[in-house]
Amino acid sequence: MAASTSCTNSWIKPKLSNPSSSSLPFITTRRNHPNTNYIKCSLQTPTLRFPNQSAAAVPAYKPPSLAAPPQRVIENTDSPSKPQWNIIQRASAMALDAVEKALTRHELQHPLPKTTDPAVQISGNFSPVPEQPVRHRLPVVGKIPDSIRGVYVRNGANPLFEPEAGHHFFDGDGMIHAVKFDGGDASYACRFTETERLTQERALGRSIFPKAIGELHGHSGVARLLLFYARGLFNLVDHRRGCGVANAGVVYFNNRLLAMSEDDLPYHVRVTGNGDLETVERYDFDGQLDSTMIAHPKVDPDSGELFALSYDVIKKPYLKYFRFSKNGEKSNDVEIPVADPTMMHDFAITENFVIVPDQQVVFKLSEMIRGGSPVVYDKNKIARFGVLSKYAEDASGMNWVEVPDCFCFHLWNAWEEPETDEIVVIGSCMTPPDLIFNECDEGLESVLSEIRLNLKTGKSTRRPILSADDQVNLEAGMVNRNKLGRKTRYAYLAIAEPWPKVSGFAKVDLLTGETKKFLYGENKYGGEPLFLPRDPSSEAAEDDGYILAFAHDEAAWKSELQIVNAATMELEAKVQLPSRVPYGFHGTFIGAKELAGQA
């Protein structure tokens, strides 16, 4: 794959299968005139809509304008009263709010790029929904397999307050959607993860923490950071208790469901007996974890241990590795030497090693001072993968292998092949690497690839798993989790077309490249497919199980959970959901026995 050019200052016209659906998050198009008005973007509805947390009526979203600043339309009547500030704090708050309003007016004098324009980023079924209490005995088309007992949970970004300035889809507050199965019946609920950030903003009645991607760019981003820390100095906000949104990953470990984003500690969320969700706490593993944790920790299927990374974008060490025993006892941190703070969204494990990608998307805060985004593609950097023993006490034994022009946002699996002294890594190589974060003049290419790291020669090879004729963008998915870190035959991956929507998923034979596709249906789009083994304790065939995935009908404006037989790729059942499920991120399944043992 050829190296990508930097994606900083250009616009593209997206290549879409449906020309009428051109206003999509992450896709950038050329605007014909610098004074172009804000676009009323939608996938199926005439305006972007924001939910009202306390009423059934849903007011229409109005794009920002200089004449009429956007009105906040989400309110929560059950939120706590505003903090009781003293006279100095009240005066400081008024002054800082005035500065922020002036900054926002200045920022909106020019159209926002589509990567930070809320009228694009959270339009259609990317837009947020209100919380939903448990609804039981949902309508089911077909039959839910008897072996499916437990709860499917999926995380996603769901902003509580309407953005007043720049907003990226990844900036939204974390919301978990849960479908619980019990004896053929299904229930549904969705709840915000009550992060420290969300709790403080709800008490203040507005969004006040800086949005990491949508707002922190250029001189205005520097100004917003200074404003935020000024508020901290006057105790108007408290960033010491965490600034994260917990909207990306979920993992069940040591009897706890943990919601994560790499900007904070995990949050412990409990599934109640009737299928509802409640946030327990910001979870530091009983005082053992004092740094952030990435959204994709790995649970070893044999040992039950949890392996994780933490990265820092400001100070060294930029990258750390650690693990937890199956009982939650943390190891010492292993500092991994990297020259610059690198985006580290995912990594991989094998039976004996952790595989750490050090790729070309890096954080350079100095770019903000020069007017750009701090998330940049460094074309002069050579991507590499580090191989380190799982139980290493330091990084002195790490073996780095260069893999030029390679950026994998996600790694699906890895395993060892001792006969050739190689580590095999399966990932989707994305071009351009920073397409999600910056304006680009290229369309997405996400190539499912086999990357071989030769530990003897220090060289790498890379090949596309699909043939050129069968090439399709594959992003978000998994292998059989009972085989994680071991050689696998199949991967189940989202068909990310028309990007960034997902039209279905593919079951890919990693050995032959044979691909079987399942499409969600006409006008239906979904997200990550989750593979659920039929019998987690058995030695059955690797594909003996079911695929669970949310799908949304953009014509009927209704959502459902589809259950597909992974062996036959045939639809088994559809659970019709009582409310809309926005497109989101990652999920997991917690079995009934595990639920009974929750902490």
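Glycine too: its Cβ is placed from the backbone N, Cα and C atoms.
Just so you know, TrEMBL annotations never went through curation; they're auto-generated.
Listed in TrEMBL:
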BINDING   His296, His345, His410, His586  Fe cation binding site
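Cβ neighbour count for His410 (Fe cation binding site): 22 (other Cβ atoms within 10 Å of its Cβ, all protein chains included). In sequence order, Glu262, Ile294, Ala295, His296, Phe409, His410 constitute the residues six or more apart from His345 (Fe cation binding site) in its chain with CB-CB distances below 8 Å. Just so you know, the Cβ of His296 (Fe cation binding site) picks up 20 other Cβ atoms within 10 Å once every protein chain is counted. Each residue in Ala248, Gly249, Ile294, Ala295, Asp346, Phe409 lies on the same chain as His296, His345, His410, His586 and has a C-beta within 8 Å of the C-beta centroid of that Fe cation site, without being one of the site residues.
Cβ-based neighbour count (10 Å, all protein chains) for His586 (Fe cation binding site) stands at 23.
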